[in-house]
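Notes follow the structure.
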């Protein structure tokens with residue numbers, strides 16, 4: 001499995017709970033579209049509940065990547081991911097930079113207001129995973145021996161995270177301000193600027209740098225202030241022009257991405273369609289109703305990068321078409337059905353009904369492109385990851401666990417067991433004490449030595465049940 005595919009697979013756990021969170025927020029906004037919970041306690045309850053996941057997605061990514069990239073369910077990994085994420089975001093916050101640099105907080109680069117993003121979360125998870133693979137079996141002599149093994153991971157990963165934070169203090173504002181200048185340059189290109197903005201807005205989501213472009217086109221950095229002018233909170237709106245940096249997102253989020261989700265579902269393996277269908281349906285519904293696209297985008301962003309680039313290109317095309325034909329609308333939250341209805345009669349809404357027609361065309365385009373690319377290039381979208389599955393099911397899990405423990409050298413040689421989707425992963429003391437012949441006699445031929453003390457056995461989708469039964473024996 002390639003690095004990006006494994007990374008994408010690691011993100012699937014938080015991604016699976018994102019659609020529900022998005023729908024909770026969407027229903028809350030629907031109930032109270034003006035006050036966003038201020039005027040209705042039940043709406044506030046739903047919005048706050050959904051926000052727990054959406055607003056804290058980066059730290060969830062940090063934990064998921066740390067665990068997923070090591071195939072190890074460990075409290076030390078989760079603890080290290082949480083602590084390191086909180087540490088780096090505290091350092092890179094405007095308050096932290098102000099304290100470190102001695103600058104007044106008003107003089108701190110606006111880039112640091114956007115440093116708590118998914119990219120930081122993923123990087124923290126990768127740092128923790130790297131440290132686990134390199135230092136998990138380190139033995140510290142003498143009185144510090146308590147900090148050997150897994151206990152060393154939070155320490156060494158914390159040191160590396162501090163170094164990363166030190167570098168990022170200088171790199172992040174440079175990158176952020178570069179994209180602000182880039183966006184300011186684009187702003188003079190008319191409808192082409194809307195297309196370029198749409199493309200880079202989607203392309204930069206994994207890095208968090210899309211906020212830099214948003215600040216140029218949506219807010220007042222370059223004097224465009226497309227959102228403020230559309231809603232009349234800022235003067236200077238022009239009918240037929242204002243809204244051009246928002247309108248093209250409606251066809252993509254309401255029609256394009258849901259159609260792409262349908263293609264992903266239809267291309268999934270038959271035995272995985274039920275699971276993939278549940279994820280795709282809920283994510284597509286969240287995108288359609290609320291314009292929250294992360295559940296869908298992160299489900300294939302790293303598993304199939306070329307497909308994500310195609311998505312960015314098509315977003316740019318839709319933005320360009322909407323701006324060129326002056327089919328304009330705006331939003332206060334995102335480009336979903338809720339905001340479309342609320343903005344339809346807004347003063348600067350202009351031929352917004354044609355966005356539905358463009359959306360239908362966009363949906364057809366997305367479906368054709370997604371389905372063609374997935375099948376032609378054999379892209380590993382959700383439900384298409386090739387897993388070898390054992391058909392050996394004749395043993396009771398407890399009996400099978402006993403046989404595995406004996407084949408691996410007995411209780412004294414087995415430390416712990418866990419599992420990914422189809423692989424049993426056992427941590428052992430002495431790799432030379434295992435008996436591969438006994439494992440083969442159980443019907444499992446694929447045995448891999450993954451490290452000095454790690455053994456992996458391909459057992460099929462019952463891997464977690466076998467691991468649980470083994471751990472009961474080893475307790």
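Each Cβ is built from the backbone N, Cα and C atoms, and glycine gets one as well.
Whatever TrEMBL says is automated annotation, not expert-curated.
What TrEMBL records for 1-386 is domain 'PTS EIIC type-1'.
Residues annotated as transmembrane segment in TrEMBL: 12-31 (among others). Counting same-chain residues at least six beyond the ends of the transmembrane segment (12-31), those with a Cβ under 8 angstroms from any Cβ of the stretch are 37, 40, 42-47, 49-54, 57, 60-61, 64, 68, 279, 282-283, 285-287, 289-290, 292, 294-295, 298-299, 333, 336, 338, 382.
The transmembrane segment feature in TrEMBL is assigned to 43-67 (among others).
Residues or ranges marked as transmembrane segment by TrEMBL: 74-93 (among others).
Under 8 Å from some Cβ of the transmembrane segment (105-132) lie the Cβ atoms of residues 7, 10-11, 57-66, 68-70, 72, 74, 76-77, 80-81, 84-85, 88-89, 92-98, 150, 153, 156-157, 160-161, 164, 168, 172-173, 175-177, 205-208, 211-212, 215, 298, all in the same chain and six or more residues away from its ends. What TrEMBL lists as transmembrane segment is 105-132 (among others).
Annotation comment: TrEMBL describes 152-172 (among others) as transmembrane segment. A Cβ distance under 8 Å defines the sequence-distant neighbours of the transmembrane segment (152-172), meaning residues of its chain 6+ beyond its ends; these are 76-77, 79-80, 83-84, 87-88, 91-92, 97, 100, 111-112, 115, 123-124, 127-128, 130-132, 135-136, 138, 140.
Long-range Cβ contacts of the transmembrane segment (178-200) within its own chain (Cβ-Cβ under 8 Å, at least 6 residues beyond either end) map to 209-210, 212-213, 215-217, 221-222, 224, 244-245, 248-249, 252, 312-313, 315-320, 322-324. The transmembrane segment annotation in TrEMBL covers 178-200 (among others).
Per TrEMBL, the feature transmembrane segment maps to 212-232 (among others).
The transmembrane segment annotation in TrEMBL covers 244-264 (among others). Note on the transmembrane segment (244-264): residues 191, 194-195, 197-198, 217-218, 224, 226-227, 230, 276, 280-281, 283-285, 287-288, 291, 293, 296-297, 299-300, 311, 314-315, 318-323, 326-331, 334-337, 340, 352, 355, 358-367, 369-371, 374, 381-383 of its chain, located 6 or more positions outside it, place their CB under 8 angstroms from a CB of the stretch.
Among the features that TrEMBL reports, transmembrane segment is placed at 276-292 (among others). Listed as Cβ neighbours of the transmembrane segment (276-292) (distance under 8 Å, sequence separation of 6 or more from its ends, same chain) are residues 15-16, 18-20, 22-23, 25-26, 29-30, 54, 249, 253-255, 257-258, 261-262, 264-265, 268, 299, 331, 333-339, 382-383.
Annotation comment: TrEMBL describes 298-321 (among others) as transmembrane segment.
Here TrEMBL flags 354-377 (among others) as transmembrane segment. Counting only same-chain residues 6+ beyond the ends of the transmembrane segment (354-377), those with a CB under 8 A from a CB of the stretch are 247, 250-252, 254-260, 262-264, 266-267, 304, 306-307, 310-311, 314, 318, 321-322, 325, 327, 329, 340, 384.
Marked as domain 'PTS EIIB type-1' by TrEMBL: 398-475.
What TrEMBL records for 420 is active site, phosphocysteine intermediate.
DSSP assignment over the domain 'PTS EIIB type-1' (398-475) gives 31 helix, 20 strand, 27 coil. Per-residue confidence over the domain 'PTS EIIC type-1' (1-386) averages 89 (mean pLDDT, predicted model).
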